[in-house]
Structure formats: structure tokens, C-alpha cells
Amino acid sequence: MKPRLKGIHKGLLTATLFLSALGLAIISSASTVLSYQRFGNNTYYLKRQLFAVCVGLVIMFVVSRIDYRLFKRYSPIIMMICLILLGLILVTPLGFKVGNARRWIDLGNFFFQPSEFTKLAVILYLAAWIDSRPEAMRSFFSGLLGPLVVVGAASMLIIIEPDFGSMTALLLIAVSIIFAGGAKISHLIGLLAVAAAAGWIAIQAAPYRMERVMTFLNSSSDPLGAAYQINQALLAIGSGGVWGYGFGESRQKFNFLPEPIGDSVFAVAAEELGFLRIILILMLYAVFAYCGFQVARRAPDMFGKLVAVGVTMWVVIQTSVNIGSMLNLFPLTGIPLPFLSYGGSAIIALLTSIGILLSISRYRL
């Protein structure tokens, strides 16, 4: 069946706009205390996030008008640029260090995080590789080994920063694409086993990661130390009850809950909005996922299908892991909540990816 050029997927666009607006609203409340304490201005983080969202939306709409197949041609170049940027962070003064982490490139008033754009680069690279040799995906050496070397290189550079959360998300996205691309189940099981072993080695190599695992297994073991963040997050979520304290009325954002605009933003939202409204937010994520997989199912070629799967799984994986960690279903990883967590690079990279997803939706069967 020949693909027909149609309008973009309205449901996907609507869910994206609603989630972007919702993220700004939640940041406007969750960031006030932190903004005032650090900069004497309670809208500092909101203004920066608003700027990033606006830039991201402009890029999204521009990219949605470009034929997505163009990205297949340039996917190796995009991947190479991201690998170079990840390397520059580690070996040149361009890398900006916060605490023990070196994850950003300092561009003056803006900090650029290459690992967020590397997720998109990996999606495009894997999709292009599989599309060009689909029959080889049943073979490990002629099909899987090549892209796995590239994904492994990106993962190593990210974990050295160190950024265990981004590495975890990247690997799970890659496995999702490889699975959708027709790889053997035995190969996938082997990949997951190797990834799990590598993850365990990375956890043991850093005492704070092992602390997070021990805290996950026993959150009462160190309530004022390693378990402090998860206990405060659970307190915030539980305090919200059915209806919440009300928008802007969070108690935990007053220096009780670490990372109230980062990976703990869900806890602040639950505290203020309550269980019923949080369910509505989760339904928005579900609508986004449904629309994303619908675009994948209707994509006219393998490249479009796999890119759609990758971008959709990006949101699904990070949402599941972030919320799960706030509910103590998973260890804390530092993975941000898509759309809602503060981060300019994260939202721009995500909206750029959604622009490609919208472009694919225009060429559906």
C-alpha cells in the first residue's frame, strides 16, 4: 500500500502540548523556593524552562514539516557528533562539572547536556541500521554487533560522566528498538544479561549507587541519610491524599524534599494535586504512548516504525522508572520525568524527537 501524505497526528500533538503546559505549571510551583534561595527571584527556573519549551516547540513544528526519511541519511553523522560531544565533556575545559558529575557543556547562559540528544541519535542510528539490513538482524555478528558497538561506546562515555540514569534509559530504548526490529529473543535475553551484569558492576564501582540499592531494599535503614529522599517523596505523595493540598501549597518543596524540580517533581505534583488529578496526568502519558505506538503501526517503512517505537519508548521508560522510583518500586536512578522535570536540554531533545514522530505520522499507510 502506498503511503499517503496526511495531516499530523492530532492526538499526539494535543497530548504533547498539554504535557508541556502541565510541566510549566508544575515547575512554576515546585521551583519557587529553590529559585528564591539561589537567585533571589522565585521565577528564575520557570523563565528558563519556559524559554526551553518555546525553543523546543518551534523546533518540533519545523521538524514535523521535514520528510523524516532525511534523518536516515544523516543518522551516522548525528551519532558521530553526539559521541564527539560526549568525549569533549570528559577531556576538555568545555565540560562543566557540578559536584562529581561532568555532564554539561558550558555555553555561557545555557548548559547543554549531550546525553539527552544522544538518545535521539541512537534511535535514528539503530533505526537506519536495521532498515538497511533487516534480514541480518537474525544474526548476531552480521546484524547486531555493529550497532551494539556504537551504543556501547555511547553508554561508556555517559557512565564515565557519571550519569547512570541516562545510560540506563539509553540501553532500554536501544533494546526496545532491537526487539521491534526483529532480533531473536535469545539475542535479546543475552543482551539484557550483559546489560544487567554491566549495570551491577557500575553499581558496585560507586558506593552511592550501592547505597541507593540498599535503600530500595530497606528504606528505613538510614532515614536521615541514603533513604532521606525516598522517604520524603513517599511522605509528599501520601500527604497529598485524594485531592491534594492545592496548587502551590506543597510543604515538601521547602527544603525537605531533594530535587523538587528534578527527579522528585512527581512527588511535589502528587502532594499538591492529589491522587485523582495525578491519575489524569498519567492518562495523558497513556494517550501519548497510545498515539506514538499508533504512528509506529501505521508507518510506511521500517525506519519510520522503529523511530516511532524508540521515541515513544523513551517517554514510556523514563516515566515508568521515574514514577516507580518515587513510589519505591525501583531504586533511585536520577532519571527525570519527561515534560515535567526541569531541564532545558531534556525538553528540547524530547520535543525535537516528537517533531520527527509527527513527521512520520504525516506519511502513514
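Any Cβ shown, glycine's included, is placed from N, Cα and C.
Unlike curated entries, TrEMBL annotations are predicted automatically.
Per TrEMBL, transmembrane segment is recorded for 45-64, 76-96, 108-128, 140-160, 166-183, 274-293, 305-327, 339-360.
The list of residues near the transmembrane segment (166-183) in space but at least 6 beyond its ends in sequence, with Cβ under 8 angstroms from a Cβ of it, reads 103, 115-116, 118-119, 122-123, 126-127, 130, 134, 137-138, 143-144, 147, 151, 154-155, 158-159, 191-192, 195, 199, 202, 296, 302, 305-306, 309-310, 313-314, 317-318, 321, 333, 335. Taking pairs at least six residues apart, the transmembrane segment (108-128) and the transmembrane segment (274-293) share fewer than three Cβ pairs below 8 Å and do not count as touching.
With a threshold of 8 Å between CB atoms, the same-chain residues lying at least 6 positions outside the transmembrane segment (45-64) that come near it are 8, 16-17, 20, 23-24, 27-28, 31, 34-35, 261, 342-345, 347-348, 350-352, 354-356, 358-359, 362.
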